[in-house]
Amino acid sequence: MEEAPRFYAHPFDDDKLKEECGIFGVIGVTDASNFVALGLHALQHRGQEAGGIVCHDPELGFNSARRFGYVRDNFTSADIMETLPGPLAIGHVRYSTAGSKAAVIRDVQPFFGEFSMGGAAIAHNGNITNALALRKELIERGSIFQSSSDSECIIHLMARSLQKDIPDRMEDALRRVEGAFSVVAMTRTKLIGVRDPLGVRPLVIGKVADGWVLSSETCALDIIGAEFVREVEPGEMVVISAAKGVESRRPFRPQPSKFCIFEHVYFSRPDSIIGGQSVYETRRRIGVELAREAPVDADLVCPVPDSGTPAAIGYSQESGIPYAMGIIRNQYMGRTFIEPTEQIRNMGVRLKLNVNRALIKGKRVILVDDSVVRGTTSRKIKEMILDAGAAEVHFRIASPPTAWPCFYGVDTPQREKLLAATMSEDEMREHLNVDSLRFISLDGLYRAAGEPEGRNNACPQYCDACFSGEYPVEPSDMVAKGFQLKTAAE
Ligand code: SF4
C-alpha cells in the first residue's frame with residue numbers, strides 16, 4: 001500500500017482551522033483533465049495533502065490518477081496528463097482527517113464505482129456526520145470498503161439502490177447521509193453536482209466555451225477563463241449533459257440555509273465570490289466592524305499575513321490609524337515533506353513570519369488576525385513584536401472565539417485544545433500577555449457577511465457552530481462517541 005511521504009504541517013499552519021477539500025469538474029471540452037488540473041491548482045488552499053482526477057473518454061473509458069502532494073508537482077507532467085484523456089473529468093484536493101490519520105493513497109478521491117448501468121466517480125467536500133453508523137450497517141450487509149474515508153459510504157449506498165440510473169441512485173444515497181456535503185460526480189456522459197440541504201459547503205456552476213464547470217469556488221473558474229453562472233443552491237442537484245445542458249432537481253426536504261460563515265472569514269480565497277459578495281470585501285468589512293466594536297489608541301494597524309490583511313485594511317480605514325506591513329511572510333516557506341531538524345522546528349513561527357523592525361520599534365501596534373485556535377502562534381507573534389521593540393501590542397481577531405470543533409469538513413483540534421473552550425476572553429488576554437485582546441462579536445460578523453440586522457438567534461442565517469456551539473446537524477457519530485453538546489446553561 002502506498003503511503004504518504006512523512007508530512008509535517010508548519011507550526012504556523014498547525015494553529016489554524018483547515019478546510020479539508022476542494023472539488024472541481026468539467027464536461028464538454030477537449031482534454032477536460034487539463035482544465036480540472038488548473039481548477040484544482042486554484043483550489044489548492046482547500047487541501048494540500050493529495051489530489052486526484054478521474055476522466056472519461058468515449059473510446060478509452062474511465063481512467064484516474066491519484067497522487068500525494070501539490071497539484072503543480074503531479075498534474076503538470078505529460079506522463080500523467082496523457083493518461084487522462086476525454087471531454088469529461090472531475091477532481092479533488094484534500095487535507096483530511098475523516099479518512100485515516102496516516103494518509104494512504106486509497107483514501108485519496110475521487111472514488112469510483114462500477115454499476116450495472118456503467119461507472120461513476122464522486123468527489124466530496126464536507127463531512128458525513130453519520131458515516132460511522134452507515135459504514136457499520138453497510139459492512140454488516142456485505143459492502144467491502146476500500147478506504148477509511150466517510151465519502152466512500154456514498155458509493156456503497158448507490159450500489160444498494162434499486163433505481164435505474166446513476167443520478168437517481170445518488171439521490172437515494174444522499175438522502176441517507178447526514179452532515180455537510182458538496183459533491184461533484186460523473187458518469188460516462190453526465191457531470192453531477194449536489195449540495196446538502198443546508199448548503200454548508202460551497203459549490204458553483206460555470207460555463208467555458210461549449211462546456212460546463214462545477215467548482216468549490218469562483219476563483220477556480222477564473223483560472224480557466226470560465227464565466228460564473230450561479231451557485232448550486234442548498235439542497236439542489238444539477239445534472240449536466242452535452243445533450244440537455246443543466247437540469248435541476250430537488251432531492252431533499254427544503255430547509256433554511258446554513259452556509260459555513262468561516263468560509264467568509266478564512267477558508268475561501270479572497271478573490272472568490274460567495275452569495276454574490278466578494279470574500280475580500282466581507283473581510284474588509286469585518287475589520288470595519290471590529291474597529292467600531294473594539295477601538296484602541298495606537299500608532300499602526302498590522303495584519304498577521306496573509307489572512308488578516310483585508311480585515312486590517314478595514315480596521316485602518318474605519319479607525320484612521322495607519323495600515324502597515326509590520327510582519328512580512330516568507331512566501332516560500334510552505335508545508336514541507338522534509339523532516340526538519342529539531343533545531344529548525346524550534347524556530348517555529350520565525351521560519352514563516354518576520355517582523356519589520358524598523359517600522360515596529362517604539363510603536364503601539366494593533367495586530368489583526370483571522371482567528372485564535374490554540375493560541376500558540378498568537379503568543380509567538382506577540383513575542384516577536386515585543387522583541388522588535390513595540391511599545392504596546394493589541395490583538396484584534398476577525399472571528400468570534402473558536403470554542404467548539406467543526407464536524408462539517410474542517411479539521412479542528414479536540415475541544416479541550418481550543419483556547420476559547422477553556423478560557424474567558426480576559427483569561428486569554430492574560431495567557432497571550434498582550435495589552436488588549438478583542439474578538440469581533442457574532443452580530444458584527446453577520447453584519448459584515450451581509451446581514452444588516454446581525455444574527456437571527458431564533459434561526460441563524462449561517463452555520464456558526466464553532467463559535468456558538470449550536471450545531472445545525474447533530475454530529476451523531478461524535479455524540480455516540482461521547483462528545484458533549486452545549487447544554488442549556490452554557
Ligand atoms: S462549524 Fe464553523 S467551520 Fe464548521 S461549518 Fe460551521 S461555521 Fe464552518
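Note that Cβ sites are derived from N, Cα and C of the backbone, with glycine treated the same way.
[4Fe-4S] cluster is bound by C406, C463, C466 in TrEMBL, and the record lists one more residue there from C260, C302, which is C260. Per TrEMBL, the candidate among S307, S436, S441 that belongs to the Mg(2+) site alongside D369, D370 is S307. Under the DSSP three-state reduction, D370 (Mg(2+) binding site) is assigned to coil, being neither helix nor strand. Separation of the C-alpha atoms of C406 ([4Fe-4S] cluster binding site) and D370 (Mg(2+) binding site): 16 Å, rounded to the nearest whole number. Less than 6 Å separates the Cβ from ligand 1 in the case of C260, drawn from the binding-site residues C260, S307, D370 in sequence order. Same-chain neighbours of the Mg(2+) site beyond S307, D369, D370, judged by a C-beta within 8 angstroms of the site's C-beta center, are, in sequence order, K16, V265, Y266, P303, V304, G308, A311, V368, S371, I397, A398, S399. The DSSP secondary structure for C260 ([4Fe-4S] cluster binding site) is strand. A separation of roughly 14 Å, to the nearest angstrom, links the Cα atoms of C466 ([4Fe-4S] cluster binding site) and D370 (Mg(2+) binding site).
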